[in-house]
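K.L.:
So TrEMBL lists these for the protein:
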COMPBIAS  212-222  compositional bias 'Basic and acidic residues'
COMPBIAS  224-236  compositional bias 'Polar residues'
DOMAIN    20-450  domain 'Major facilitator superfamily (MFS) profile'
REGION    207-236  region 'Disordered'
TRANSMEM  21-45  transmembrane segment
TRANSMEM  61-81  transmembrane segment
TRANSMEM  88-106  transmembrane segment
TRANSMEM  112-139  transmembrane segment
TRANSMEM  146-165  transmembrane segment
TRANSMEM  177-196  transmembrane segment
TRANSMEM  265-286  transmembrane segment
TRANSMEM  298-318  transmembrane segment
TRANSMEM  330-350  transmembrane segment
TRANSMEM  356-378  transmembrane segment
TRANSMEM  390-409  transmembrane segment
TRANSMEM  421-444  transmembrane segment
Amino acid sequence: MSQGGAAARKAAGPQDHGWAWMVLLAAALLQALTLGFTSCIGVFFTDLQRDFQASNSETSWFPSIMVAVLHGGGPLCSILVKRFGCRFAVMLGGLLSSVGMVSSSFCKSISQLYLTAGLVTGLGSCFSFQAGVTVLGYYFVRWRTLANAMASTGVSVGFTLWPLLSQYLLDEMGWRNTFLIFGGILLNCCVCGAIMRPVQLASGSLLQSPKPGEEPGRRAEEAQLSNGASSHPELQQQTRRTACFHVLQKYLAFDIFCQNKGYQIYTIGVTWMMMGFALPHVYLVPYAVQNGVEERRAALLVSIIGFINIFIRPLTGLLSGHRVFTGRRIYLFSLAVLLCGLSNFICVISAEYSVLIVYCVILSIAMSGIGALTFQVLMDVVEMERFSSALGLFTILESITLLIGPPLTGLLVDLTSDFHYVFYTSSFFLISAALFMGLSFCALEKKNKLQEASKVLLANPSKYQYNEMTTEPQSESQSPPAVVYITSI
């Protein structure tokens, strides 16, 4: 039995050692090239607004579409990963990202920029980023938490370097030539994809394998429906509905959303949070410039956020990977979201450069916790074999709020001519999301503990008849916190 397990692990590929660390390096670089890339958009905000004679709301649609598509293309990425593997999805994403930025350098209107940089580059970044996150879950088991945290440091590197590079190229050659150069840089996603060797499946392998008995029953059902579909129109409609349901269940995880309360709470909370999470990233540089800060120094603020993230994210990953936090990472995540929301009030107090630096330091610490734990918490609440599908629904829902958040806030700024509303709005969504997730998971944990205790009591009534004092710790040992909110209800 042990020999068969060893053979399966060997066929499946290295885990937690060997080539897995090269895949981790490639995933970190991917996150720098995709998620980190969006940090430099604020550098071009003023120039694009001036050249296209656009309002704050119109200009903010450009980064909003890019970020929304980056997150909302999850279902398409899930289909690509299921059919062709992570390597193909990453390399295709790199090609699309490059084509989108090269095309953007020739745009004549802000609406064309929505299509090229927003849609095409955003979709390419989505394929590269999400496939890179997915492959980490298969290459790492024991060190998965640390691997996710280390890979997320790529975002921090991107946050540090992209704004500095963008401001330098913008000053030297303008935004059009800068976008052209960006197209060449983003082609490096294809190199990262080439490093990600396909995970070879074998009989008995646990990686990416379907659940036993699931596919045969489904195929038998579909075959039975299709036999009489040609002669019975109602059966043909039933076949379409069945196929549609299976596609939704496979790639969008609606069944998990309806049954797993932990996944449901987490998805709703993060979706609400994203309404305000991206606002400082889009408007921090324009806010600083409007208050008299030089453009180069304003761009440096974003780099400060990224630089501090480089050191804090791995520490957050090590801390959250400790067994003390097993099953409780959602509370660390909620605390980081709460700190992120509270930090926005610093910008309201003063727009002096020294105060903005303090704001960036506190914001970067909070962002480190959010970035290091976002996907780890998702891996905690769903099974790994359904992670790709759960990630698809998770990202497409949050992309809706990422899309509408900055433009609506930009419209508010256009009407009031006051950038303070950006930070008020961001704080409201972040703080409310943090309280919702933390309190909801706390209530869910208490509910599950009571259910487990009642089950144990009913299963062994004579054991608890005379000594009730010993039942409480024993029930706690039988239901550890690690499985409290993973279990579907």
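Placed from the backbone N, Cα and C atoms, the Cβ positions cover glycine too.
Are these features on the surface or tucked inside, and what are their neighbours?
P.N.:
Within the chain, the transmembrane segment (61-81) has long-range Cβ neighbours (under 8 A, six or more residues past its boundaries) at 34-35, 38, 41-42, 48, 88-89, 92, 110, 113-114, 117-119, 121-123, 125-127, 129-131, 134, 251-252, 274, 278, 282, 388-389, 391-396, 398-400, 402-407.
Within its own chain, the transmembrane segment (265-286) is flanked in space by residues 38-39, 41-43, 45-46, 56, 60, 63-64, 67, 71, 163, 257, 295, 298-299, 301-302, 330, 334, 337, 340-341, 344, 347, 356, 363, 370, 374, 377-378, 381, 393-394, 397-398, 400-402, 404-406, 409-410, 413, 419, 422-423, 425-430, 432-434, 436-437, 440-441, 444, 485, which lie at least six positions past its ends and keep a Cβ under 8 Å from the stretch.
Note on the transmembrane segment (298-318): residues 36, 39-40, 42-43, 145-146, 148-150, 152-153, 155-164, 166-167, 281, 284-285, 288-289, 332, 356-357, 360-361, 363-365, 367-369, 371-373, 376 of its chain, located 6 or more positions outside it, place their CB under 8 angstroms from a CB of the stretch.
Residues 262, 266, 269, 273, 276-277, 280, 284, 287, 316, 319-320, 356, 358-359, 362-363, 365-370, 373-374, 377, 380-381, 420, 423-424, 426-431, 433-435, 437-438, 441-442, 485 of the same chain, all 6+ positions outside the transmembrane segment (330-350), place their C-beta atoms under 8 angstroms from a C-beta of that stretch.
For the transmembrane segment (356-378), same-chain residues at least 6 beyond its ends with a Cβ under 8 Å from one of its own Cβ atoms are 133, 144-145, 148-149, 152, 155-156, 263, 266, 270, 277, 280, 284, 288, 293, 301-302, 304-309, 312-317, 320, 329-330, 332-333, 335-337, 339-340, 343-344, 346-347, 387, 390-391, 394.
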K.L.:
Would you mind listing the long-range same-chain contacts of the transmembrane segment (21-45), meaning Cβ under 8 Å and 6+ residues beyond its ends?
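P.N.:
Tertiary neighbours of the transmembrane segment (21-45) are 59-60, 62-63, 66-67, 70, 90, 93-94, 97, 125-126, 128-129, 132-133, 135-136, 139-140, 147, 150-159, 161-163, 165-167, 170, 175, 178, 182, 185-186, 188-189, 192-193, 195-197, 281-286, 295, 299, 302, 305-306.
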K.L.:
Take the transmembrane segment (112-139) and find every residue of the same chain, 6 or more past its ends, with a Cβ under 8 Å from one of its Cβ atoms.
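P.N.:
Same-chain residues near the transmembrane segment (112-139) but 6 or more away: 12-16, 19-20, 23-24, 26-27, 30-31, 33-35, 37-38, 48, 52, 61-74, 76-78, 80-81, 86, 89-90, 92-101, 103-104, 147-148, 151, 179, 186, 189, 192-193, 196, 199, 207-208, 375, 379, 384, 387-388, 391, 395.
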K.L.:
Restricting to the domain 'Major facilitator superfamily (MFS) profile' (20-450), what is the model's mean pLDDT?
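P.N.:
Here the predicted model's pLDDT, averaged over the domain 'Major facilitator superfamily (MFS) profile' (20-450), is 82.
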